[in-house]
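Feature annotation from TrEMBL assigns domain 'OmpR/PhoB-type' to 1-94. The repeat 'TPR' annotation in TrEMBL covers 727-760, 847-880, 887-920. The region 'Disordered' annotation in TrEMBL covers 920-968. As annotated by TrEMBL, compositional bias 'Gly residues' applies to 941-957.
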Amino acid sequence: MAVEFGLLGEVTAHVDGRAVDLGPARQRCVLAALAVDVGRAVPVERLVERVWGPDAPVRARTTLHSYLSRLRQALADSGEVDVVRRSGGYALVVGGSEPAVDLHRFHELRGRARGDDVALLTEALALWRGEALTGLSGQWAEAERERLRHERLAVQHDLVDARLRAGQGGELVAELSARAAEHPLDERVAGQYLLALYRGGRQADALEHYRQVRERLVDELGTEPGAALQDLHRRVLTADPSLAADEAAARRVRSPAVPLQLPASPGSFTGRVPELAELDRILIDAAGADPTATPEGSPAAGSTVLISTIGGAGGLGKTWLALAWAHRVVGRFPDGQLFVDLRGFSPAGEPMTADEAVRGFLDALGVAAESVPVDPDARVARYRSLVAGRRMLIVLDNAATADQVVPLLPGSASCTVLVTSRNRLPGLVVRHGAHPLNLDVLTDAESRQLLVARLGAARVAAEEAAVADLVGLCGGFPLALGVIAARAAAEPHLPLADTVAELREHGLDAFDDTDPAASLPTVLSWSLHRLTEPQRTAFALLGIAPGPDTGLPAAANLTGLPERETRATLRALADASLLDRAPGGRYAMHDLVRAYATTVAHDHLPEPVRRTALERVLDFYLHTAHTAGRLMAPHAKSPTPEPPAPGVRPHPLPDDLAAMAWMSAEHAHLLAAQHTAAAHHHYHTVWHLARNLALFHWRRGHRHDELAVWQAALDAAAHLPDPAARIHAHRRLGRAHAQLGRHEEAIEHLRRALTLAGLHHDTSQHADIHNDLAGAWGQRGDDHKALHHARQSLELHRTLDNPVMEAYARNNVGWCAARVGDYDTAREHCLAALALHRRHHHADGEATALDSLGYIDHHTGHYEQALDHYEQALAIYRTLGHVHYTANSLDRLGHSHTALGRHDRARAEWREAMELYRQQGRDTDAERVRRQLDDLDSGAGDSGTGDSGTGDNGTGDSGTADEPDAVG
């Protein structure tokens, strides 16, 4: 994992190219005080003085320890950085062989350059991002900043001397003019400027500058120029031939060869408009001109070479994009274009070394074999000298690591480098300012455009349905589309529908090809070949994991690795472009990559390995969901699942809100886990997942999902020994059908449940089924039958010693009584229910009772009191994330506002209710509210019934508990 600290500008830290939040200025000063001496202990007294100065406050040591703790925490994810106690002080310890602090990298490059290597000196100065320690104050920071300013100036002087020795002159005038004005008494700068002017054909200007420098030295310091500057003046005055550029040196920085190594532009390249525009923008920002225009005059000025890195999975068209863009802007680079395939991911063997690539570039730049330096570092220096100051495009294709790339980076800002790699190369971003551009799959429109380019518009238009299928099956992968298009073009007599049928039958194998470079499975296998064995195993297991993506805890359970190792593995797969980082710390695979991972799992992992991995991840979802269900309904008597498989680590959840948040994030995965469990005959898991999802489904209004999970649970219950499982599944299916308005199906399942409960003398289930029958008849509009079943449910619940369940039953009787107009009985039962729920701190039940009381108040003309009850209920529903009943309460609240003549408030409540109904697929309710809004806008008013029409007051179910549901 690449870790970089920056002191040569603002104090920064990056891990894999991502900025780390280092906190306030003083905390950043602590890091800087350690980083200047990285790897060495800094005594506590010295740290305190560096951060607070000689008059440090009494609590400085305590605050220092706090800052150090926060820094450790901020840098913990890197796995390579720590702040350790050592020898009475603290040391910043960083793993890796290369300097992790830009200041130390600067010193290393300066030492290697020995004042004479243009490329190394240029690379050293490119590390500066502004004034050192920007944003830090205090005596130590000011002194350190001044010291480093002098170091930077010294290297700038060394670089100019090296360039002058290499035969340059006129091209340095602009830079030296500004420096001479900034340092008018610096004789070294004056001498450099004189020589540059002279070599630029401006002898008179050189002599005039000497006169001005001499006058200032005499006037301000009372001294004549030194002997070296006087001697240079004399030689300029006499046009000494020795001042001319050293031809041998000049030959080392100039080459008559203009390499034109770009391969042909992709013939059928389509799409990628945003990516091409982004590459154009990067070039424009650097050069300040139209990227496709032919430049005139000198190369664009800049402090560093421009680098763009194109990343993405194999088969996404990185090289196509690079070549298409390179040919678009080739006119910007009249001094030539270099191209090399670094073979980072190739079946031909190991990746090309940087030295091998440099040798190839030297040959292209016209260096005779006998003139190629023997030392590898000298070869790199010769290459950089040859491209210095030249407007060249350098394309480094198919890189595996940053180590391959860095030696090939010129030291001249006149060059542009374009890198493609399946791996993310954060080191290039951090150390060299590269602009990352990560490719995704093509859009459907771009995919269709590619097929038009390959097959012709007429053929594509003639088989629109088949083309749409092809686009979907190819998943936006240009390579997959290219393989299929090539076959279709070779067989124009065959309809595209036949190709679709072949793809459906053979899956990923259909994208194979005799040419390895045109075979999607083979191309993906090259990425896999570069991974470690544990990383390959994790990749394969992710292919069979349930759900569209994965989070860290689930992946750790799937692989059986500790979370820290799992995090590193996921990042390695993402860096290899086999996974995509998704929001919320999740990781996803493209469909075709996932299909390949599934194939790898079945072809290369033993069946026991696959089986135990699936058992672990299914148990992870099951037991975490069970914890969530217990937190959301702590009063529920929910059966405990069987113990988890060895090594399973359920995700810890502290409270109800955390449980709801986890359910929301993992909902799709829980549904997929149930499907996977059913396919592998884990019937116990299928049933318990349905039970633990129930309350979440009711709160969020996922009615169709609730129906699906309980249908699966009913199928699974046939294989379970406990008859209560079948009774419960029939009951839940009855409820789900009732909520969807399917009355006959609801009554059928509930009657079956009632019969089974009677056969097995299950009083608790009997009570719950009567509650659900009340709900079903209430949904149908038969409030008297609903009241009959609600009373039977209450009578049974009174015998079960469960006060929360009894409170639900009382509220249901109250709600049904209100629906038939018996408001006194209704209020009595609902107030009793409210008291019981509050006594037992059951927020869900409290909200349902409040909502029922609001309904009773409205229908007895107590509109202000109705508003108070509805708003209390609504606040609880919102806190619980209970979208289903939030919509119901908003709906009824609007009626009470209308009754009081507050139409603006009613309109606001109804609009929100309508939107929530639509989100849940409750189209009938949404349409009814729309009509209410139309009536309000037209002046027709409100019927005054206060009836939302939902037949549901939210006195609902805990989902995981055997408790009554709303009726009405």
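A Cβ is built for glycine as well, from the same backbone N, Cα and C atoms used for every other residue.
Where the annotation comes from TrEMBL, it is an automatic prediction and has not been curated.
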Outside the repeat 'TPR' (727-760), six or more residues from its ends: residues with CB under 8 Å to it: 687, 690-691, 694, 703-704, 706-707, 710-711, 713-714, 717, 766, 768-770, 772-773, 775-776, 779-780, 924, 952, 957, 962, 965
Helix, strand and coil counts within the repeat 'TPR' (887-920) (DSSP): 30 helix, 0 strand, 4 coil
Secondary structure content of the repeat 'TPR' (727-760), with strand meaning DSSP E or B: 30 helix, 0 strand, 4 coil
Segment confidence, the repeat 'TPR' (887-920), expressed as mean pLDDT: 94
